[in-house]
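Feature annotations, courtesy of TrEMBL:
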| type | residues | note |
| --- | --- | --- |
| COMPBIAS | 1-18 | compositional bias 'Low complexity' |
| REGION | 1-34 | region 'Disordered' |
| COMPBIAS | 25-34 | compositional bias 'Low complexity' |
| DOMAIN | 55-353 | domain 'Carbohydrate kinase PfkB' |
| BINDING | 62, 63, 64, 90, 91, 92, 93, 94, 196, 311 | substrate binding site |
| BINDING | 241, 277, 278, 279, 280, 281, 282, 310, 311 | ATP binding site |
| BINDING | 305, 307, 341, 344, 346, 350 | K(+) binding site |
| ACT_SITE | 311 | active site, proton acceptor |
């Protein structure tokens with residue numbers, strides 16, 4: 001069976017007009033340390049050493065419309081929800097917001113994305129800009145399309161089913177990214193991608209990152225479609241869950257041995273590192289030519305909502321990695337962040353602060 005990863009790239013999406021945002025203020029720089037919290041601006045050294053390079057996320061921003069239900073409706077059935085509300089979300093925005101909360105204060109986070117000129121777009125702008133966690137210089141308003149949104153059906157056990165409407169995430173991009181966007185990408189310490197925006201956008205930024213020597217992490221979550229071989233060859237760390245890994249390789253992933261074989265198939269496509277999220281079984285990092293690193297879950301006291309847990313894990317791993325931590329420590333940091341995430345309702349609202357993650361790790365040492 002031919003692997004789905006090798007299919008040809010998608011065609012370009014339709015152009016649309018867009019408007020650039022005003023620049024948000026940067027956060028105060030501080031000394032890097034893997035401490036409980038970022039150092040305060042009062043401790044800044046007077047040295048002229050350059051600030052650490054930022055984490056840059058190119059991806060989606062959605063308004064998540066939550067409906068809490070006792071069970072999923074059957075075909076043709078109408079049921080009542082126990083409650084409903086709208087919260088900020090989207091895989092790109094989630095990972096950016098989580099990175100902003102977890103990073104030391106001198107590690108900036110940028111989101112390159114598209115929203116509509118509507119109430120949902122303003123909700124995302126306000127939420128992402130809270131506490132200057134995320135730089136919004138490259139979050140652009142697309143005038144002709146609405147902000148993307150998702151319907152999240154949340155069941156009592158914390159599990160969810162999600163329907164995504166792409167909106168500006170899929171149709172708000174011009175044929176070619178602006179030089180302003182690409183300058184941010186080229187100056188990154190790490191680039192994070194997902195699949196809730198067109199593959200051709202991911203390809204452009206991955207090419208820019210590769211030319212500048214910027215490592216690329218790609219979360220497999222998003223559209224249910226093959227990944228262009230040209231794009232996957234530019235990815236340094238590919239991060240699917242076991243279901244996505246099975247779909248994209250055409251191989252079973254019911255056992256850890258099968259997951260290992262599927263990861264090996266990804267290596268053959270040029271991806272040296274495959275970071276697999278395994279739900280209740282934790283995670284595993286498969287590095288070509290090296291021993292696999294496994295990380296069990298850090299159990300949550302109560303699972304309220306799993307929405308955003310995968311995004312939290314990926315962003316937390318990237319934060320620790322860009323700080324130069326060993327990969328085993330990066331996995332442990334990510335596991336702790338995901339454990340805290342599932343204990344709070346909502347995607348962005350559940351993203352933990354750095355203090356909370358470090359305290360959890362210290363409590364279980």
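Heads up, the Cβ atoms here are built off N, Cα and C, so glycines get one too.
Known features from TrEMBL, placed on the structure.
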residue	record	Cβ contacts under 8 Å, 6 or more apart
91	substrate binding site	59, 60, 194, 195, 196, 219, 221, 222, 311
93	substrate binding site	59, 60, 61, 62, 111, 113, 124, 127, 128, 348
241	ATP binding site	220, 221, 276, 277, 278, 279, 310
282	ATP binding site	294, 295, 296, 297, 335
305	K(+) binding site	154, 158, 160, 342, 344, 345, 346, 350
341	K(+) binding site	308, 309, 312, 350, 351, 352
**Q.** Cα distance (Å, whole number) from residue 64 (substrate binding site) to residue 307 (K(+) binding site)
**A.** 10
Q.
For each of 278, 344, count the other CB atoms within 10 A of its CB; which of these binding-site residues has the top count?
A. 278
Q. Where residue 64 (substrate binding site) and residue 280 (ATP binding site) are concerned, what is their Cα separation in Å, rounded?
A. 24
Q: Taking the Cβ of residue 280 (ATP binding site) as the reference point, list residues of the same chain whose Cβ is under 8 angstroms away and which are at least six residues distant in sequence.
A: 297
Q | Sparsest-packed among the binding-site residues, when each Cβ's other Cβ atoms within 10 Å are tallied, from 62, 307, 350 | A | 350
Q) If you count Cβ atoms within 10 Å of the Cβ of residue 64 (substrate binding site), leaving out that atom itself, what do you get? A) 26
Q) With every protein chain in view, how many other Cβ atoms are within 10 Å of the Cβ of residue 346 (K(+) binding site)? A) 20
Q. Within 10 Å of the Cβ of residue 311 (ATP binding site), how many other Cβ atoms can be counted across all chains shown?
A. 32
(Q) Return the average pLDDT for the domain 'Carbohydrate kinase PfkB' (55-353) as a whole number. (A) 93
